[in-house]
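Here's the structure, in structure tokens; my notes come after.
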Amino acid sequence: MRVTENKKDHNTDKYVNSNLIVRRNKEFTIAIKCNRALKEQEDNVQLEFLIGSSPDENKGTYIILPMGKEKPGVHWKSRVVETQGDYVTVGITPDAKCIIGRFRIFVVVVSDLGKQRTERNPDTDFYVLFNPWDPEDNVYMDKDEDRQEYVMNDVGVIYNGEFNNISSRSWNFGQFEEGVLDACILVLDSGKVPLVFRGNPTELVRQGSALLNAQDDDGVMVGNWSGEYSEGTAPTAWTGSPEILLKYAKEGSVPVCFAQCWVFAGVMNTFMRCLGIPGRVITNFCSAHDNTGNLKTDIVLDEDGKVDRSRTKDSVWNYHCWNEVYIKRPDLPEQFSGWQVVDCTPQETSDGLYRCGPTSVNAVKEGELSYPFDAKFVFAELNSDVIYHQSTKQGKMKIIYVDTTYVGKLILTKKRGSSDYEDITSNYKYPEGSIKEREIMQNAEHSGLATRDYMPIAEAGVDIELQADTIKMGDNFKLTMVIKNQTSQTCTVNATITGCVVFYTGVTSSTFKLENKTATVKASKTEYLTVDINAAEYTPHLVEQAKLLFVMYGTIEETNASITTMKVVTLLPPELTIKMSGSPRVGKDLTVTVEFLNPYNFMLEKVQLRLDGPGLIPIKIKNYSQILPGGSVKYKVLIVPRSPGKKVLMACLDCPLLRQVTNQLEIEVVKD
């Protein structure tokens, strides 16, 4: 099958797989040994390519090619490249729209005595993948640096934290690692995706977005946002996709526990890049999860200004990760091809299954929401208004404040060829408050989105912003209220500040702070009020990812106008250090040491440390039953780099009381 030469030609030589892997619409060559020299004009030799359990010529799952001759109705091509004695070299070009997956190949000699077929040999099976290098393929990307990043890069960075305090973590996509390609095909087989759909990237990513969550189809990962993960692995503990996909394959397609949005997006990215579809992971900061689909995110406060958990059904996720794929959409007008949103985190159903997309990014930006698939849901994640209601003891509700700029604050992805981020907010939305933005809103309403049925609230003339520095978990800090009076008279502001612990999905947990403050602000002046927050108040209540939500509800005495704002503070975890000794060379030993000190006055139990790095080491997991207050752990590991180039070594420490402690080390491996 001339595996080495063909793989190099087809940009598939990074896959750790002994079989041939080729891309659509590009020729590969095979050598066939006959029992005598081939007579091209007289001998009738056919090549057969089969995929699936019941191959059918009409469905593109059984391809018969006369060797070196065209066959009407068959889009695959073959040619005799050369004959040397008993050997024939044949060039084969799979169709640009053919099914992707693992094909079986047979050589058939047809004579008066019937057909003679070569025996079944799994070693000659070959995989056909999408081809982003070919303009005829619907996944084509014209710039090589784009293909290197969005198809060939096997590590990435996923952004999280807050829009004004961005954190990140490295992720091992590992699409070329041993067994990953077979696992991706198994996902399609286990999900019973018809073979005829598997040549169409639009259909394939839509199916994939349903199959990577286990919500309704025993897919790859079980979503869990409860904080209780003892039955599996905490979402924050994973370092990459191969461990998850290989576990799914090894355990007979049993869903893997547990995942949250960045894990779903990381694995979806591996799935797409592995099959040859360009993909990237996106983070939307302040992402609305609008359960009611009306472009309104309703936050209900009680009479004291505290969030009413029982009445607040919608939430604003501090961040939400999804994917984009780069594909041509023959089913849509031309301007809506290119990057498409696809999201496999199970939030809402689409055509009966938990999935989302592909949705054209351009269509979302232009408010053209009637095109398939799920554009309205994505538009709401980016453009919902946050509406603060106040409920009285009698159960009456009134709107006290509308914030039209809180949602969809910032949209990031990893920059091409760099570990920095790229701000792609302008791909999704026009500038906040611009005339164009208002036009798009009208467009969206014409496309069937519920109209904004509430009256604009009279401007209070006073702006309030909550500010806090970057704070480490376990530190005391000050929350500052900046009150700007933009009116021409003195204003008295009575404010209630509530502090509660919150999950990254915006769902609140325990309230730990309630404080009233009053400020008198002269005309056109600014006043600063501070609230002291002590670690002893919040530490006992912390949930994973250590986020605090502060809601400020205020009234202005002179006008009785209301004003509300909120601020999420992410507490930084302690440091995990990675050090390397020795110089990184292919095949040579390298020592890596990971160290962690517990800075808290409480014990950490059931601690798991993961070390991962494609091309450096297979994943290593070290468990510690406990780390005492002030205690430290040191984990030394020997690494033998397998291939040259830039590599990333990732470490992640995770336990029930402390989540998402990560670090990474970039290593340049050289060949002797």
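Cβ atoms here come from the backbone N, Cα and C positions, even for glycine.
Caution: TrEMBL annotation is automatic and unverified by curators.
Copied from TrEMBL, the annotated features are:
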type     : residues                       : note
DOMAIN   : 253-346                        : domain 'Transglutaminase-like'
ACT_SITE : Cys261                         : active site
ACT_SITE : His320                         : active site
ACT_SITE : Asp343                         : active site
BINDING  : Asn383, Asp385, Glu432, Glu437 : Ca(2+) binding site
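Fewest Cβ neighbours within 10 Å among the recorded positions Asp343, Asp385, Glu432, Glu437: this applies to Glu432. Per Cα geometry, His320 is the residue among the active-site residues Cys261, His320, Asp343 nearest to Asn383 (Ca(2+) binding site). Within its own chain, Cys261 (active site) has Trp317, Tyr319, His320, Cys321, Trp322, Thr345 as residues 6 or more apart in sequence whose C-beta sits under 8 angstroms from its own. Note on His320 (active site): other Cβ atoms within 10 Å of its Cβ, all shown chains, come to 26. A distance of 22 Å separates the Cα atom of Asp385 (Ca(2+) binding site) from that of Asp343 (active site). The Ca(2+) site, placed at the center of the C-beta atoms of Asn383, Asp385, Glu432, Glu437, has further neighbours from the same chain whose C-beta lies within 8 angstroms: Thr404, Thr405, Val407, Gly408, Lys429, Gly433, Met441. Note: the Cα of Glu437 (Ca(2+) binding site) and the Cα of Asp343 (active site) are spaced 24 Å from each other.
Within 10 Å of the C-beta of Asn383 (Ca(2+) binding site) we count 23 further C-beta atoms, all protein chains included. You'll find the Cα of Asp343 (active site) roughly 25 Å from the Cα of Glu432 (Ca(2+) binding site).
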